[in-house]
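Some notes on the structure that comes next.
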Amino acid sequence: MKRIAVLTSGGDAPGMNAAIRAVVRKAISEGIEVYGINHGYAGMVAGDIFPLTSASVGDKIGRGGTFLYSARYPEFAQVEGQLAGIEQLKKFGIEGVVVIGGDGSYHGAMRLTEHGFPAVGLPGTIDNDIVGTDFTIGFDTAVSTVVDALDKIRDTSSSHNRTFVVEVMGRNAGDIALNAGIAAGADDICIPEKEFKFENVVNNINKGYEKGKNHHIIVLAEGVMTGEEFATKLKEAGYKGDLRVSVLGHIQRGGSPTARDRVLASRMGARAVELLRDGIGGVAVGIRNEELVESPILGTAEEGALFSLTTEGGIKVNNPHKAGLELYRLNSALNNLNLN
């Protein structure tokens, strides 16, 4: 394989630029030319494709977002869109593609491979909801961003004896809420993977204040419901204290990636090039127990999010990823909670 391309698709995530940089520089070291595709699959179909050099990715490793831009392009789910994209790739003499994104992006990569065009997927999403990897590119940075915000919210919450509901991203997965909540010492963490009763949340809040606490922080994963809906249900369940809602929103996607995300993205990007160099497509690169692994992109894209296959201790956990179950139990123990 003498010429490959790289694109980013779906929601942006810190560390995508680091992954692109690794793809470009590793490929050049292997004697492979690299082309960038702007705006994901939309740019592929439109022919928005251009050569990348080592200088093109200089000083990009510490930048958030993606300099190749990103977009959602539902038309690529249709065969016509897929074939149009492949036709453009062939015009540029491209023989393989590295796709950086979430599960929607993986479906596109899977379709390319089914049409005989090798594609390798890299998990780029803050949600950490990709099967086949313990961690996704951007997750660590997003958690750090949320922890910083929670620390600040605690300051103002304590000053006014307030209860805060802090809504965080994650789509249908509670990984951001769970990890950031524990790291910030949140009082309650509510995630889609674990059922809870609002009456018990109210009891936890009231008990905290009775013991002398001057604030209460609830971290809410967006996959449960919106922060405003949650606040309304808390009041319906009997909570009468001062209650505010903070929605962190897209700030969680931005910012300079952490060292962990930069290293993870660099390792994955380099591995993707090695796979394409060897003529291997239709796989996604992941990390398990700090070791890089590959899994069929078909299974990765079709299996769905974490915590989806089995039920253990009331939490749906997608084996072998057990971090969610362990962390949820840890939070309950540290805060002596009973949300069930």
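Along the chain as shown, the residues are counted starting at 1.
The backbone N, Cα and C atoms fix where each Cβ goes, glycine too.
Owing to the predicted nature of the structure, the values given are computational and were not obtained by experimental measurement.
Annotation comment: Swiss-Prot describes D127 as active site, proton acceptor. As annotated by Swiss-Prot, ATP binding site applies to G11, R72, Y73, G102, D103, G104, S105. Per Swiss-Prot, the feature ADP binding site maps to R21, A22, V23, V24, R25, R154, G185, A186, D187, K211, K213, N214, H215; the stated evidence is sequence analysis. Summarising the annotation, Swiss-Prot assigns Mg(2+) binding site to D103. Residues or ranges marked as substrate binding site by Swiss-Prot on the basis of sequence analysis: T125, I126, D127, R162, M169, G170, R171, E222, R244, H250, I251, Q252, R253.
Take the CB of S105 (ATP binding site) and look out to 10 A: across all protein chains shown you find 30 other CB atoms. Take the CB of H215 (ADP binding site) and look out to 10 A: across all protein chains shown you find 20 other CB atoms. Look at Y73 (ATP binding site): DSSP puts it in coil.
The separation of R25 (ADP binding site) from R72 (ATP binding site), Cα to Cα, is 27 Å. Using CA atoms as reference points, the binding-site residues D103, M169, R244 were checked against R25 (ADP binding site), and the closest is D103. Counting only residues at least six positions away in the same chain, the Cβ atoms of V57, K60, I61, S266, G269 sit under 8 Å from the Cβ of R21 (ADP binding site).
Considering only the binding-site residues G11, G102, G104, G185, the Cβ with the fewest other Cβ atoms within 10 Å is that of G185. The DSSP secondary structure for H215 (ADP binding site) is coil. Report note: the ATP site is defined by G11, R72, Y73, G102, D103, G104, S105, and the residues of the same chain whose CB lies within 8 Å of the CB centroid of those residues, excluding them, are S9, G10, G40, G101, G108. Within 10 Å of R253 (substrate binding site), as judged by C-alpha distances, no binding-site residues are found among V23, G185, K213.
When Cα-Cα distances from G185 (ADP binding site) are compared across the binding-site residues G102, T125, M169, R171, the shortest belongs to M169.
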